[in-house]
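S.K.: One structure is given below, represented as structure tokens, and several questions about it will come after.
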Amino acid sequence: MNAQQASANRTNHADLLQKLGQRSIVFVGLMGAGKTAIGRKVASALGLPFIDSDHEIEGVSRMSIPELFAAYGEPEFRALEQRVIARILETGPKILSTGGGAYMNEETRAAIAAHGVSVWLKADLDLLMERVSKKQNRPLLRDPDPRGVLSRLIDERYPVYAQADITVATRDETKEVISSEVIEAITHHLKSSGKVD
Ligand SMILES: Nc1ncnc2c1ncn2[C@@H]1O[C@H](COP(=O)(O)OP(=O)(O)OP(=O)(O)O)[C@@H](O)[C@H]1O
Ligand SMILES: O=C(O)C1=C[C@@H](O)[C@@H](O)[C@H](O)C1
Ligand SMILES: [Mg+2]
């Protein structure tokens with residue numbers, strides 16, 4: 001997206017952006033739900049900067065997520081994730097796609113509630129399995145039974161993701177369709193909540 005396109009997109013969504021104020025739009029949900037893919041598209045459509053917390057963590061640590069898990073373990077990764085997300089949220093508005101486990105952290109949830117509008121991309125097990133099978137970069141799924149792991153994560157995490165401001169049920173639809181639904185849902189949420197930063 002060049003600067004001219006970004007400016008045109010901002011004009012098209014002026015009302016949403018005015019109501020959003022300095023808050024960011026934050027995507028949460030399980031691995032494979034489409035947080036990165038849809039977040040990037042929504043950022044482009046709204047003319048806002050896009051940040052993915054997993055990519056940011058890899059940038060600051062100069063290690064891949066699997067390397068970080070292997071070298072320091074999951075608790076260290078989670079601590080770094082919390083710090084990185086808090087820093088990203090200090091300034092807005094932007095689009096932030098979080099890693100699948102980020103929203104499970106209570107302090108991260110509080111930071112997101114204070115500085116953002118959260119969007120849970122909810123997907124069923126079959127769709128998640130199909131999406132995560134394409135890439136082997138998720139340490140939690142390096143397991144003989146990745147479907148079982150995802151199923152357990154659904155039970156554990158869905159009640160927490162449900163605390164997000166907005167839920168969008170993703171299904172086997174194109175990224176463009178899901179992105180439009182997300183923008184519509186955010187517009188509706190901002191109109192009815194009326195809160196401006
Ligand atoms: N609506 C869609 N239609 C087709 N493919 C999609 C759609 N949404 C996501 N994908 C694809 O599914 C895969 C997983 O999506 P993505 O990486 O965005 O998930 P994620 O929620 O960011 O996962 P993680 O928590 O592991 O980062 C990617 O290959 C992405 O291009
Ligand atoms: O769901 C999770 O806990 C994770 C999801 C990915 O985005 C990465 O943040 C990492 O692989 C952990
Ligand atoms: Mg992602």
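Every residue gets a Cβ built from N, Cα and C, even glycine.
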S.K.: Given TrEMBL annotates Asp54, Arg78, Gly100 as substrate-binding, which of Arg157, Arg171 belongs to that site as well?
M.R.: Arg157
S.K.: Please pick, from Arg87, Arg109, Arg138, Arg142, the residue that TrEMBL records in the ATP site together with Gly32, Ala33, Gly34, Lys35, Thr36, Ala37.
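M.R.: Only hit among Arg87, Arg109, Arg138, Arg142 in TrEMBL's ATP site, alongside Gly32, Ala33, Gly34, Lys35, Thr36, Ala37: Arg138.
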S.K.: Checking proximity to ligand 2 here: which binding-site residues out of Gly32, Gly34, Ala37, Gly100, Arg138 have their Cβ closer than 6 Å to it?
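M.R.: Gly100, Arg138, in sequence order.
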S.K.: Looking only at Gly32, Ala33, Gly34, Lys35, Thr36, Ala37, Arg138, the residues listed as binding ATP, what is the longest Cα to Cα distance in Å?
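M.R.: Maximum Cα-Cα distance: 16 Å.
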S.K.: Quick one: which residues besides Gly32, Ala33, Gly34, Lys35, Thr36, Ala37, Arg138 have a Cβ within 8 Å of the ATP site's Cβ centroid, in sequence order?
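M.R.: Other same-chain residues with Cβ inside the cutoff are Gly29, Leu30, Met31, Ile38, Ser97, Gly100, Leu121, Arg131.
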S.K.: Sorry to bug you, but what's the C-alpha spacing from Lys35 (ATP binding site) to Arg78 (substrate binding site), rounded to the closest Å?
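M.R.: With distance taken Cα to Cα, Lys35 (ATP binding site) is 18 Å from Arg78 (substrate binding site).
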S.K.: List the binding-site residues Gly32, Lys35, Gly100, Arg157 whose Cβ sits under 6 Å from any atom of ligand 3, in sequence order.
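M.R.: Lys35, by Cβ distance under 6 Å.
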